[in-house]
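Engineer: Swiss-Prot lists Arg191, Ala192, Gly193, Asn194, Thr311, Ser526, Arg587 with the feature CoA binding site, giving sequence analysis as the kind of evidence. Residues or ranges marked as ATP binding site by Swiss-Prot on the basis of sequence analysis: Gly387, Glu388, Pro389, Asp411, Thr412, Trp413, Trp414, Gln415, Thr416, Asp503, Arg518, Arg529. Taken from Swiss-Prot, the feature Mg(2+) binding site applies to Val540, His542, Val545. Annotation source Swiss-Prot lists N6-acetyllysine at Lys613.
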Amino acid sequence: MKSLYSATSNEAAKNANVSQAEFEKRYQESIENPDEFWGREGKRIDWFKPYTKVKNTSFKRGEVSIKWFEDGELNVAYNCIDRHLAKSANKVAYYCEGDKESDEKVAITYQTLHDEVGRLANLLKRQGVKKGDRVAIYMPMIPQAVYAMLACARIGAIHSVIFGGFSAHAIADRLNDCEVKLVITADEGRRAGNTIPLKHNVDMALDNNACPTVENVIVYRYTEKDVPWFEGRDLDWAVEVENESTECPAERMNAEDPLFILYTSGSTGKPKGVVHTTGGYLVYASLTHELVFDLKPDDVYWCAADVGWITGHSYMVYGPLANGTTSILFEGVPTYPDSGRIGRVVDKFDVTILYTAPTAIRALMAKGDEATRSSKRDSLRVLGSVGEPINPEAWSWYYSEIGNSSCPIVDTWWQTETGGMMMTPRIVQGDVKPGSCTGPLYGVQPALVDAQGVLQEEQGVLVEGGLVITDSWPGQARTVYGDHERFEQTYFSTFDGMYFTGDGASRDADGHYWITGRMDDVLNVSGHRLGTAEIESALVAHPSVAEAAIVGFPHDIKGQGIYVYVSAIAGVIPDEELTKSLKLFVRQEIGPIATPDLIQWTSKGLPKTRSGKIMRRILRKIAANEHDQLGDTSTLADPSVVDDLIENRLNV
């Protein structure tokens, strides 16, 4: 595909920190001599005890072990706050933009960040939270969410941030899996003019001692909603920290001590608690944030992600703060009160870098010039995309309308498990192709394999396959909490000696990579990964459902929508009310983000092989309205089931 613009003639590229030639030289070194390359890059952050070992990793089946800088000691909160204070105490760390445009403009300096984190860290210690204890954070997109993460990091507690859209049931699952000692939440959150009952959801999750390891709940009174209070368990944030000191010593952490657990959907139904550790993660988040966005000291950077997802962790909190950046913390959504909001926020704070998801871009694009007519956006110099592949139409609109045809787009590919960006075009490349994540960053060795694990190494032609990474990088997840066997089984058992991403991809004749979608049973809805098994488990728990199967289908706004095939139990006649009830049931069990878009009731059941396996490939084709491309159906136990599904399909 011909590029839409030549990045090398772009103003941002002319002033780039790292030229393309220099990048290629450093990349080669990172592959050929990783110890020397990362040994040097590791010094971008401060260490209490310098490391002498750099890379000690194995992808060998049954022996998977990932260690970086393993004898070094440091503290993440110290690196994100304290080391900046001598020169930048009064620099703004976050400009906070509330859900309502009329909300007061709030600026949080690095000194304020230090003081608030110190107070909360001391409160956590007073409540008996120690190094290695797990703390869950279920908060709105407000500064206190960041304070909570950094307070945990300061004392060596392991935080697990739970997305504010998850239900009580989903919260309880996560609290129990990692045996959380303390929960930090707020009375309510705000989103698009509505309130989110955060404290209520936590109370429901803890009801009847459902999470026995939880001892206390710290509640930030944000909206001042009158919420139920459990004496002896619940603590008022503001009251409790009032007399705490702003000084809290930073715990010395080994580079391989866990920093956080973040749950990501798996194909088995039970969410995986992905563990990221301290040293390698911070080095990688800091480096990739600076490199990809070509960071300058006076940039105002806006990552429009939620703190409950990995993008919020790496590129709204840890990467930017480690680099001493000024960021935007946005509570709202891009389309509230109208689709011009995102541009007005850019103008209000003179944002120079915008990092958002294709879902948001498509939602704005659908509104036409409403998204751009109330703003100029002339402060922008770099645009970024994250969460899912961006289709060329949305890419072109983002470039021409939001970026005024003057900003390079870094279309990044990475995952919760990778910790940071892995592949992206660079702003100094001249042959940018809309929709392509192009090529790897330092230390990343991508490859394509066929079903037998044979590397597809042919160059100069289009090749397709499963996307694997053939060697380790510092930001890589180390394990699944409490289940290293699952970690190995999920990521390293499919192809021995390689990390399997679960994504399919192609590499074109120019060597550029294109992500084609998930190869496992995980959906990517609005840039958020949802396990089909988890949703299916919720559906079959409904008293009227006998069997259910979930697939994704192309959705103009979300990228992928959720298409549900359901069989009712005997005696139940499906109708519109039951369909509504089922959608509500899923919302309550998992959260609004998992709400099905389309529910098709099946009168003849689901298509299965003679061995009883559901043929999801067929369900995907029908949901995508590609029923004329079903392929081989010879193993179907009852072909008439497929005819019935096609005749009654909903996505027409």
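Every residue number used here counts from 1 along the chain in the order it is shown.
For all residues, glycine too, the Cβ spot is worked out from N, Cα and C.
Tell me about the setting of these features in this model.
Structural biologist: A coil conformation is recorded for Ser526 (CoA binding site) in the three-state DSSP classification, outside any helix or strand. Neighbours of Ser526 (CoA binding site), defined as other CB atoms within 10 A of its CB across all chains, total 20.
Sequence-distant neighbours of Pro389 (ATP binding site) (same chain, 6+ residues apart, CB-CB distance under 8 A): Pro358, Asp411, Trp413, Gly435, Cys437, Trp514, Ile515, Thr516, Gly517, Gly559.
Counting Cβ atoms from all protein chains shown, His542 (Mg(2+) binding site) has 19 others lying within 10 Å of its own Cβ.
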Engineer: Which Cβ among the binding-site residues (Gly193, Gly387) has the fewest C-beta neighbours inside 10 Å?
Structural biologist: Gly193
Engineer: Near Arg587 (CoA binding site), how many other Cβ atoms are within 10 Å of its Cβ?
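Structural biologist: There are 17 such Cβ atoms around Arg587 (CoA binding site).
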Engineer: Calculate the distance in Å between the alpha carbons (Cα) of Arg191 (CoA binding site) and Gly387 (ATP binding site), and round it to a whole number.
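Structural biologist: A Cα-Cα distance of 20 Å.
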Engineer: Sort the binding-site residues Gly387, Thr412, Trp414, Thr416, His542 by C-alpha distance from Arg587 (CoA binding site) and give me just the closest.
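Structural biologist: Nearest candidate: His542.
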Engineer: Whole-number Å distance between the CA of Gly387 (ATP binding site) and the CA of Ser526 (CoA binding site)?
Structural biologist: 8
Engineer: With Cβ-Cβ distance below 8 Å and at least 6 positions apart along the chain, what are the contacts of Ala192 (CoA binding site)? List them in sequence order.
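Structural biologist: The list for Ala192 (CoA binding site) reads Asp99, Gly332, Val333, Thr335, Tyr336, given in order along the sequence.
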